[in-house]
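Notes follow the structure.
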Amino acid sequence: MALRFPRFSQGLAQDPTTRRIWFGIATAHDFESHDDITEEGLYQNIFASHFGQLAIIFLWTSGNLFHVAWQGNFESWVQDPLHVRPIAHAIWDPHFGQPAVEAFTRGGALGPVNIAYSGLYQWWYTIGLRTNEDLYTGALFLLFLSAISLIAGWLHLQPKWKPSVSWFKNAESRLNHHLSGLFGVSSLAWTGHLVHVAIPGSRGEYVRWNNFLDVLPSPQGLGPLFTGQWNLYAQNPDSSGHLFGTSQGAGTAILTLLGGFHPQTQSLWLTDIAHHHLAIAFVFLVAGHMYRTNFGIGHSIKDLLEAHTPPGGRLGRAHKGLYDTINNSIHFQLGLALASLGVITSLVAQHMYSLPPYAFIAQDFTTQAALYTHHQYIAGFIMTGAFAHGAIFFIRDYNPEQNEDNVLARMLDHKEAIKSHLSWASLFLGFHTLGLYVHNDVMLAFGTPEKQILIEPIFAQWIQSAHGKTSYGFDVLLSSTNGPAFNAGRSLWLPGWLNAINENGNSLFLTIGPGDFLVHHAIALGLHTTTLILVKGALDARGSKFMPDKKDFGYSFPCDGPGRGGTCDISAWDAFYLAVFWMLNTIGWVTFYWHWKHITLWQGNPSQFNESSTYLMGWLRDYLWLNSSQLINGYNPFGTNSLSVWAWMFLFGHLVWATGFMFLISWRGYWQELIETLAWAHERTPLANLIRWRDKPVALSIVQARLVGLAHFSVGYIFTYAAFLIASTSGKFG
């Protein structure tokens, strides 16, 4: 018999039903479960696949550069970043009639094009790229890196180049390498690029390899570095009248602490950014020399953890046993990595708009909205993944004997308290927030809007005031003009910060009121509920009150009938599945809030948000309905415009989303009946019955149907909102 898919599981390969295909796809990446896998092989496979991942990333970014250089308008955009629309790539579509061709021919292009809302143009411009040739050079370099990564991946699968398990479990060496070698050196290299290429570029000086050694980034060269007069590098910064990309109003400083924004570009000062990266480089280069490797000096992580037992004994054996537990569990490590990355990605979303780092990106409203939404959704998926792998850790890798009475075991011991507290918080937030919204709706519906319950967020306003926002009149800390912190700030640190925070033209510490108070608590409800489901799923992964023996059932067991007391909806996978809906729900509220707040701000009528966001009909009517009106007129009986493709995607997104429910609101028997009916009809239909298949068609399992439903729900949800967001923003602001 020929080798059938999947080769990694002989048991599945011999399955006579279509289950073979679906289970094969589902477990293709679950290396641990494959036939003949060893711990060593597992680590080596994952390690080699990382290089493949890098190759894909480099190829993708190379493609971005290449297509903009080939089909974009980078050089004309550079001449006038505020009025030329950046082109991502051309559209070649044989289905476009003349009206569509005309509608999508924009940005000075000769034919239909896609406009770029990625912020790449602004980034490339800020870091010193100016010509298409620069973009082609970057694309070729990344293509070269992609090839190198593929070769490295292949190489590390060859017997001579496969690292041993001990190499993978050498935590100190890995930490030193990542901290110093990756973060430290790359931050230092980036500082070098900013100082030698980007900052001169922002002052009208074109530095490339041919003149790299002739142009001094700072008039004094390296002198101040060696004589300890580092403050000379901060002297003579760019003036407030500096025109970015020219020498007009330019200074000579390279490392500054100005604070605030460049008045023309509305982005952080490049010299501040360079200073930040230099500081980061220093911190990480030091951090990468802290752990004990070759010379017997420095910290041992195991010793650190073992010694870390708080006095008083209230935390039991604290961190004893944790080192081996983490170091021997890939899922624990992946969970930690995903949790960290998820938080960082969400922080990127928050900081990209409030402290825009790239020149002119703050004035490109659609890009701001797209980047915020993009990073928040990605953060949501990554964070739910962290808990999924936390649950798999408990099932596959957790050993109670090794972790007796340490912090991990104690988390499991008091999981009931954790779940009940999260449950209480979610219920409290949900009922009170909904109660306030509904009350306000009733008051408006009954014609007594003055009876709404409107709560000022005074604590949040006080925090904003403490950071320097004066409009609330709190007169505290940095908003107190005669306080020592305020006066020191004038000269000592970030003098531009207080000006920026009190200007109304940016998104720093937006003015907040009762509408913000309510939506803040709605988002808090979503966050707490998502967390409750995820934490419960992980803590109950090995066993719960109803089913104390889940270990051998694994991560994603389906319903097993009523015989065992019912196993429906109690696998760790079920918790992850439910949590993704809540995560999408929450990020929906987050992005609705951000977008509505900002479009009213950008249009100069923040009172619309302030007045309409205190009741549910306001959100539905004045945000969703009002802002989709332009979008759904992208095509109509009178013709088509440049929003038509987004209008079509809006419709298509709803369709995909709704398809999800067909898979979610059904059960296994339904699918089996459907498939038997289809197979019966097929076998009795002339011509069609000439086509046979080897595998007997069996129904999707409950878990599979839910996965298909979840995938459609998620993809449709994101397609729908992406189309709405981009079309409603670009339709208003061009």
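Note that Cβ sites are derived from N, Cα and C of the backbone, with glycine treated the same way.
The transmembrane segment annotation in Swiss-Prot covers 46-69 (among others) and rests on sequence analysis.
Per Swiss-Prot, the feature transmembrane segment maps to 135-158 (among others); the stated evidence is sequence analysis. Here the transmembrane segment (135-158) has long-range neighbours at 44, 47-52, 54-56, 58-59, 61-63, 65-66, 68-69, 74, 124, 129, meaning same-chain residues at least 6 beyond its ends whose C-beta is under 8 angstroms from one of its own.
Counting residues 6+ beyond its ends, the transmembrane segment (175-199) has Cβ neighbours under 8 Å at 126-128, 207, 212, 215, 217-218, 254-255, 270-271, 273-274, 277-278, 280-281, 284-285, 287-291, 293, 301 in the same chain. Among the features that Swiss-Prot reports, transmembrane segment is placed at 175-199 (among others), with the record citing sequence analysis.
Same-chain residues lying 6 or more positions outside the transmembrane segment (273-291) and placing a CB less than 8 Å from one of its CB atoms are 171-173, 175-181, 183-185, 187-188, 190-191, 194-195, 198-199, 254-257, 298-301, 357. Per Swiss-Prot, transmembrane segment is recorded for 273-291 (among others).
Residues annotated as transmembrane segment in Swiss-Prot, with sequence analysis given as evidence: 330-353 (among others).
Summarising the annotation, Swiss-Prot assigns transmembrane segment to 369-395 (among others). Same-chain neighbours of the transmembrane segment (369-395): 117-119, 329, 331-332, 334-336, 338-339, 341-343, 345-346, 348-349, 352-353, 530, 534-535, 537-539, 541-542, 550-551, 554-555, 572-573, 575-576, 579-580, 583-584, 586-587, 590-591, 594-595, 598, 718, 721-722, 725-726, 729, counting only residues six or more beyond its ends whose CB sits under 8 Å from a CB of the stretch.
If you look up Swiss-Prot, you'll see 417-439 (among others) marked as transmembrane segment.
Look at Swiss-Prot and you will find 517-535 (among others) tagged as transmembrane segment, backed by sequence analysis.
Counting every protein chain shown, 13 other Cβ atoms lie within 10 Å of the Cβ of C568 ([4Fe-4S] cluster binding site). Residues or ranges marked as [4Fe-4S] cluster binding site in Swiss-Prot (evidence: sequence analysis): C559, C568.
Feature annotation from Swiss-Prot assigns transmembrane segment to 575-596 (among others).
Packing against the transmembrane segment (643-665) from elsewhere in the chain are residues 100, 103-104, 628, 630-635, 700, 705-706, 708-724, 726-727, 730-731: each is 6 or more residues past its ends and has a CB under 8 Å from a CB in it. Sequence annotations record features per position, and here Swiss-Prot assigns transmembrane segment to 643-665 (among others) based on sequence analysis.
On its own chain, H654 (chlorophyll a B1 binding site) has G716, T720 as residues at least 6 apart in sequence with a Cβ closer than 8 Å to its own Cβ. If you look up Swiss-Prot, you'll see H654 marked as chlorophyll a B1 binding site.
For M662, Y670, the entry in Swiss-Prot reads chlorophyll a B3 binding site. Y670 (chlorophyll a B3 binding site) falls within a helical segment according to DSSP.
Per Swiss-Prot, the feature phylloquinone binding site maps to W671.
Outside the transmembrane segment (707-727) by six or more residues, the chain places 117, 366, 369-370, 373, 377, 577, 580-581, 584, 588, 591, 595, 624, 627-628, 630-631, 634, 643, 646-647, 649-650, 652-664, 700 with a CB less than 8 A from a CB of the stretch. The feature transmembrane segment is assigned by Swiss-Prot to 707-727 (among others).
For the binding-site residues Y670, W671, the largest tally of other C-beta atoms within 10 A is found at W671.
Residues 31, 87-89, 116, 118, 120-121, 132-133, 135-136, 138-140, 142-143, 145-147, 149-150, 152-154, 156-157, 163, 168, 330 of the same chain sit 6 or more residues outside the transmembrane segment (46-69) yet have a Cβ under 8 Å from a Cβ within it. For the binding-site residues C559, M662, counting C-beta atoms within 10 A of each C-beta gives the highest total at C559.
The two recorded residues M662 (chlorophyll a B3 binding site) and W671 (phylloquinone binding site) have their Cα atoms spaced 11 Å from each other.
The distance from the Cα of W671 (phylloquinone binding site) to the Cα of C559 ([4Fe-4S] cluster binding site) comes to 15 Å. DSSP assigns H654 (chlorophyll a B1 binding site) to a helix in the three-state reduction.
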